[in-house]
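Student: This is the structure, below, for whatever I ask next.
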Amino acid sequence: MLPAYLSNPFAAVFGGGKPIDGGRTYKDGRRILGDGKTYRGLFSGIFCGFLAGCIEIWLSMRGFEIMGIKMPTFGPNYASALIVVLALPSGALFGDMFKSFFKRRMGLKRGASLPLVDQLDFVVGAWFFTYLAAPEWFVSNFTTGIALTVLIMTPLLHLTTNIIGYFIGVKKEPW
């Protein structure tokens, strides 16, 4: 999940510039996504998440462990692993954009809180893209126990990192 977890903060750090929706509005008169979703943020977030995944692949191939826990393999071979580590951050950011689209439809402005949805949108997106790209790998690695752990720990990690982002000036809201 690290490539997915890292994509959003790096999108925020390196983002800015032209909004993906080009300032256009939907048929309800509201912005499609808003100014917070930019091409630079999307591509930098995917790139940084992918790079983190490549580092994990490299460490895994060398038998690296943290406190006795082996690094994930991400696939049976290098090409398969690269597909997974590209799907995770891509799905995370598209999940975040999907959520933004629906928040705009609900009349919620950029930065408005939508509890649990704000914390889990990128997980759902990452899982969806990864399942589409590598279904066998997904099913064998995201067991019920792992999935529950991710769903419980992610809101806590998300809140912690957003508070840090708020205090260092990267985020305008601490959620």
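Numbering starts at 1 and runs along the chain as displayed.
Using N, Cα and C of the backbone, Cβ positions are placed for all residues, glycine too.
Found this in Swiss-Prot, in case it helps:
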TRANSMEM  41-61  transmembrane segment
TRANSMEM  78-98  transmembrane segment
TRANSMEM  122-142  transmembrane segment
TRANSMEM  150-170  transmembrane segment
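Distances, neighbours, how buried they are, the whole picture for these features please.
Tutor: Packing against the transmembrane segment (41-61) from elsewhere in the chain are residues 2-8, 10-17, 20, 70-74, 78, 81-82, 84-86, 88-90, 92-93, 97: each is 6 or more residues past its ends and has a CB under 8 Å from a CB in it.
Sequence-distant contacts of the transmembrane segment (122-142) (same chain, at least 6 residues past either end, Cβ-Cβ under 8 Å): 1, 4, 7-8, 72, 74-76, 80, 83-84, 86-96, 98, 150-151, 154.
Remote same-chain residues near the transmembrane segment (150-170) are listed as 1, 5, 9, 12-13, 116, 118-120, 123, 142 (criterion: CB distance under 8 Å, separation of at least six residues from the stretch ends).
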